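K.L.:
Straight from TrEMBL, here's the annotation block:
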- A:36-56: transmembrane segment (TRANSMEM)
- A:68-88: transmembrane segment (TRANSMEM)
- A:94-116: transmembrane segment (TRANSMEM)
- A:137-166: transmembrane segment (TRANSMEM)
- A:194-215: transmembrane segment (TRANSMEM)
- A:227-243: transmembrane segment (TRANSMEM)
Amino acid sequence: MDNASLPVVVALMAATLRQATPLILASLGGVFSERSGVVNIGLDGIMTCGAFFGVYGSYKTGSPAMGILFAIIAGMIVSSIHAFLSIHLKADQVVSGVAINLFSGALTSYLLLVLFNRQGQTDGVNALTYPKAFMRGIPVIGGFLSELNWYVFMAIILVFVTYFILYKTSLGLRIRAVGEHPKAADTLGVNVYAIRYLCVILSGALGGLAGASLSLGTTNLFREGMVSGRGFIALAAMIFGGWRPFGAMWASILFAFADAFQIVAQGFGWAIPYQFYSALPYILTMIALAGFVGKTTAPAADGVPYTKGER
Amino acid sequence: MEKVVEMRGITKVFPGVRANDDVNFELAKGEIHVLLGENGAGKTTLMNILYGLYQPDSGEIYVNGKKVDIKTPGDAIKLGIGMVHQHFMLVHNFTVAENIILGKEPKKGITVNMKQAIQDVKKLADLYGFKIDPEAIIEDITVGQQQKVEILKALYRGADILILDEPTAVLTPQEIEELGVILKNLVKEGKSIILITHKLKEVMSMSDRVTIVRRGKVIDTVRTSETSIDRLAEMMVGRKVSLKIDKAPAKPGKVVLEIKDLRAQDHRGLPVLKGVNLEVRSGEILGIAGVDGNGQSELIEVITGLRKSTGGKFILNGKDLTGKSPREIIEAGIAHIPEDRHKRGLVLKYSLAENAVLGKHYAAPFAKGIMMNYARIKEYARTLIRDFDVRTPNEEVMASALSGGNQQKMVAAREINKDPELLIAAQPTRGLDVGAIEYIHKRLVMERDRGRAVLLVSLELDEILNLSDRIAVIYDGEIVGILDAKNATENELGILMAGGSLKNKKEGGIV
Ligand SMILES: Nc1ncnc2c1ncn2[C@@H]1O[C@H](COP(=O)(O)OP(=O)(O)OP(=O)(O)O)[C@@H](O)[C@H]1O
Ligand SMILES: [Mg+2]
């Protein structure tokens, strides 16, 4: 990065937002799914698929926009498996999510071999061009803006969109009702299954986009294991954020800050082993979850399959 | 006579139970038709079928003369059917207005028009004389108010056919009277109403016809004007029922529970108990009368360790229990029939056997070390089921499968059988049929006669007057008067409950 001219604080802020982006997107996916009452532990795997298919789409078509579309569709397909298993077959949602995580890792390594004839990682592909120079020309905040990418803007816009849907539209009212008391919603003619399918698939779309923002948005390539637990950190952010879009965003930013900070801090030359810095984001996640989660409450029907005609 | 609903040959079988057995039922336009039957007779099941929550195994349904296939509640709503469920179907962290409009939201562009919703709800509530704040959160309002929200939900959808499954179980006598007037007005508007209730007085005063069901079968449909309370009770239970409680005068002994200047706040931090002073003696039943929401629920929550007190104390047999955990309180000898059986009484997804030992599950003979002794637990559950006539195929079904009244019997059975020093009975007969009420009342008197202390909380003045030996009236978080039940009248209680005073009316009436 040629940001030698930028003050450290500005660089740190920009890096935080860049790192927060996949977390924000995935945690929004979590918000949709869990608000409707379906636990989606498979977000990590969905991100992996999104990261892979984003790169594949861009590689195949030469267009990074198509890559993003591929990623979103891949996320939707994988999450519809989760939806079918947990809503239709009423399988244990955690087990189904774990299965999706395992499946995604294996699937992408296999496809890496078949589609790219590579092992470990793909070649670089076209990424969205970001008008760095133009951004730098903007007064005052130009330096900061020039260090971001389009995914950052998408993520922040989607936070507002998610908030709007959940709290301002009738769909949102129904989603929240279905996650709290599906039977009450059912007795008012709300289709519990349809709402849950929709939300799980939406969470897949957001998880896929989160994956693309990681592969296409940072390295322009797909590397095995590149998601490295971010799906879980996103879930932690969602919980820490009280299952609310803005809460999830701030929590994601907090976790990302720890991540960005460790990289900057390693350059400070303090006499602390670098492993400590690397562990920082995870330590923070644990402290946040252990210390604050008690104060937020999950949707009452989160993780509970709904059976019609039972009481 | 124009039939708006006709159900023909409805049969519904659950594992081990024939809930509805070839049932024929019809509702005429503009009538109030009561469905009467024992706990577990199949009333709720029949109505759930009409509302699309259950599919019948056989039978046909006609609405306004047309054969219909009601697959979901959505279908029922489209046919103009509205239902108020026996157990509330409310989203507890939504506002009143949000609960009412859910599924039929007023819109402004693509957003929900909340302002409009609040106005609509206010208008509707005013129209029917309900005092309710549309912006209040459900968990902050009393059960009585929640009941009104449920009724408003059905009215908001413009239902022409209204099913009310035990809407009066948690209402005060005055509210029941108001509801009666509302129902009459609805009928005048051309609506038709199916009412389920166990209160025979209400049946006589509110309805046009009564259909009696017993063990899944229809016994008869009669005109209300051509029958009587005793006749109905007999048809329903199959034997004569005594509606009066006969009990010997109480022989109060030592003070078992002593409450001193007890204070507590609600979840918003407003005081709800403002210095309660009360004594309950062994060998007596002390009834607490009061309008819903005057602190009686919070008082019980404090004494059972479910709510923190902010001042004062309560003492059981000389032992200060203030601030102790629920388990310590149970072990000290307090048992509790809670007012909300679903929230506090049962783990719905546990078997009856497991529910039967809750609170004693960790100790011998039901557990040994970390192992549960299921053989003993089941045996114990079977005893309770037999003694209290809980209608269930066996003790292994989930509590959620039982009818509301039978769930109530199960909770009462468990708590009474704990043989406590102090038995707190909050709405102990909520949703019970007359036969079951008779039995529970008998058991409460029996506990008293064995020298136990019983603290009864009920919204039903009849129950308070009949069962109690002394009556304490709670108003705005304080005990405003204690009367001797022998001399107390409904009128006096009414005055005290409304915050009035008896001072110059009847000197010496206050014990
Ligand atoms: N979903 C279910 N699964 C299993 N059994 C059920 C189910 N629903 C109802 N039953 C059984 O059907 C019978 C009738 O129950 P129902 O709730 O209709 O009675 P009810 O007449 O409404 O009684 P109550 O006055 O106590 O409310 C009961 O024996 C109950 O255990
Ligand atoms: Mg019932």
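Heads up, the Cβ atoms here are built off N, Cα and C, so glycines get one too.
Automated prediction, rather than curation, is the source of TrEMBL annotations.
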K.L.:
Under 8 angstroms, Cβ to Cβ: which one of A:94-116, A:137-166, A:194-215 has the largest number of such pairs with the transmembrane segment (A:68-88)?
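P.N.:
Comparing A:94-116, A:137-166, A:194-215 against the transmembrane segment (A:68-88), the winner is A:194-215.
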K.L.:
Check the transmembrane segment (A:94-116) against each of A:36-56, A:137-166, A:194-215 and return whichever range has the most CB pairs under 8 Å.
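P.N.:
Comparing A:36-56, A:137-166, A:194-215: A:36-56 has the most Cβ pairs near the transmembrane segment (A:94-116).
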K.L.:
Six or more residues out from either end of the transmembrane segment (A:36-56), which same-chain residues have a Cβ under 8 Å from its Cβ atoms?
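P.N.:
For the transmembrane segment (A:36-56), the sequence-distant neighbours (Cβ-Cβ under 8 Å, at least 6 residues beyond its ends) are 22, 26, 29-30, 67-68, 70-75, 78-79, 82-83, 86-87, 93-94, 96-105, 107-108, 111-112, 115-116, 122, 125, 175, 178-180, 182, 195-196, 198-200, 203-204, 207-212, 214-216, 220-222, 226-227, 229-232, 234-235, 299, 301-304, 306.
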K.L.:
Cβ under 8 Å to the transmembrane segment (A:194-215), counting only same-chain residues 6 or more beyond its ends: which ones?
P.N.:
21-26, 28-30, 32-33, 35-38, 40, 43, 46-55, 67-68, 71-80, 82-83, 86-87, 151, 154-155, 158, 171, 174-175, 178, 185, 221-223, 226-227, 230-231, 234, 306
K.L.:
Grab the same-chain neighbours of the transmembrane segment (A:227-243) for me: Cβ-Cβ under 8 Å, and only residues 6 or more beyond its ends, written as numbers and ranges.
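P.N.:
Hits for the transmembrane segment (A:227-243): 22-27, 29-31, 34-35, 40-48, 51, 101, 207, 210-211, 214, 249-252, 254-255, 281, 285, 288-289, 292-293, 296, 298-299.
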